[in-house]
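Peer 1: Structure incoming, see below.
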Amino acid sequence: MAEMWNVEKEMKKVTNVRLSGDRSAVIIIDQTKLPGREEYLELRTAEEIYDAILRLKVRGAPAIGICAAYGIAVLAGKIQTEDYGEFLMQFRNYKTYLESSRPTAVNLSWALNRMEQTVIKNSALKVEKIKEALFDESYSIQREDVMMCRAISEHGLTLIKDGAGILTHCNAGPLATSGYGTALGPLFLGKERGMNFRVFADETRPLLQGARLTAYELYKGGIDVTLICDNMAGVVMKNGWIDACFVGCDRIAANGDTANKIGTSTVAVLAKHYGIPFYVLGPTSTIDMNCPSGRDIPIELRPEEEIRSKFYKEQMTPAEIPCYNPAFDITDHELISGIVTEHGIAKAPYEESLKKLFL
Ligand code: MRU
């Protein structure tokens with residue numbers, strides 16, 4: 001008989017982001033070194049945590065939020081004062097600093113706001129007790145993510161049949177979350193239940209999350225994965241190899257417009273052309289009801305060098321050629337067949353269905 005799923009057991013398996021045993025550091029797998037090397041980093045200072053997020057050593061919306069939550073718990077644990085006012089001031093300085101590391105994934109501010117609320121809610125306690133409460137809260141944030149990923153995987157699995165062809169863009173697997181992942185979660189869960197899928201992973205220019213991380217995770221999980229360049233998505237759809245597109249998300253606006261890795265909206269437009277359902281999978285922590293539409297989502301612009309030379313042996317274009325490098329794009333809600341969350345699958349009109357998820 002299949003083993004019963006247990007969240008505490010799953011928590012023990014999570015290695016991409018965790019707290020060190022003595023609670024003095026956040027330990028992350030350095031995603032920039034994958035798939036060649038599995039190296040772990042211990043982040044102890046605010047600068048180290050900020051840098052790890054900015055440079056994508058830890059990436060993926062939920063994983064960024066979890067890293068920031070553990071990070072601020074670690075930093076708060078080192079604040080040397082017994083005075084609540086002073087503690088809150090130093091805590092908020094760290095929060096503002098960490099929040100500014102990347103702008104698009106709302107999980108970062110969502111997690112840090114939860115941590116701040118923990119400080120405020122416990123203001124009557126001694127500072128030492130508030131520090132304990134912060135460690136508990138950061139653990140809860142990760143534990144909830146494990147459960148959300150599992151629930152998203154269950155709901156997502158209802159959308160596909162054994163043998164289905166799936167196209168995915170960027171990386172929304174265990175490395176980007178805690179547990180099964182979001183867009184890749186149904187594939188891992190289905191695999192556990194004896195189902196097989198044929199997955200096409202876009203390489204995801206310019207930083208190659210699809211090639212380095214998604215293809216690697218799926219291959220390691222025994223899933224049939226084929227890597228394609230981003231500009232090949234249309235061909236595999238036209239060939240009739242794709243039954244559904246599954247993508248993750250960095251921020252979903254109240255009207256369903258979704259920010260995800262650059263190139264996602266192109267996949268959605270192609271999917272519409274070929275009559276293929278296009279699903280966004282993500283936890284409710286990625287839904288920002290304060291953002292009315294995609295126009296209100298801040299899009300991160302990254303260094304031009306990532307396009308010109310990052311993964312090439314030699315620079316691929318003259319150094320003076322200007323490059324435009326938005327890290328994310330917005331997929332219009334009209335192109336989205338459903339938004340798969342831990343509470344179920346929201347369908348259009350999203351203004352109503354997303355609101356209901358929070359009731
Ligand atoms: O710039 P990245 O690599 O952090 O972008 C990540 C993505 O776009 C993911 O697809 C998204 O965060 C979903 S994570 C489950």
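Just so it is clear, glycine is given a Cβ too, placed from its N, Cα and C backbone atoms.
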Peer 1: Among Arg18, Arg102, Arg114, Arg308, which residue does TrEMBL annotate as binding substrate together with Arg59, Gly60, Ala61, Gln209, Asn260, Lys261?
Peer 2: Arg102
Peer 1: If one measures from the C-alpha of Cys170 (site 'Transition state stabilizer') to the C-alpha of Gln209 (substrate binding site), what distance in angstrom results, rounded to a whole number?
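Peer 2: So the alpha carbons of Cys170 (site 'Transition state stabilizer') and Gln209 (substrate binding site) sit roughly 5 Å from each other.
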Peer 1: Determine, for the substrate site, the additional residues of the same chain whose CB lies within 8 Å of the mean position of the CB atoms of Arg59, Gly60, Ala61, Arg102, Gln209, Asn260, Lys261; present them in sequence order.
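Peer 2: Same chain, not in Arg59, Gly60, Ala61, Arg102, Gln209, Asn260, Lys261, Cβ within 8 Å: Ile64, Ala105, Cys170, Asn171, Ala172, Ala176, Gly248, Asp250, Ala327, Phe328.
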Peer 1: Measuring Cα to Cα, how far is Asn260 (substrate binding site) from Asp250 (active site, proton donor) in Å?
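Peer 2: So the Cα of Asp250 (active site, proton donor) lies 5 Å away from that of Asn260 (substrate binding site).
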Peer 1: Validating a neighbour-count step here. Other CB atoms within 10 A of the CB of Asn260 (substrate binding site): how many?
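Peer 2: Its Cβ shell of radius 10 Å holds 29 other Cβ atoms.
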Peer 1: Validating a neighbour-count step here. Other CB atoms within 10 A of the CB of Gly60 (substrate binding site): how many?
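Peer 2: Its Cβ shell of radius 10 Å holds 31 other Cβ atoms.
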Peer 1: I'd like the number of other C-beta atoms within 10 A of the C-beta of Lys261 (substrate binding site), please.
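Peer 2: So the number of other Cβ atoms within 10 Å of Lys261 (substrate binding site) is 27.
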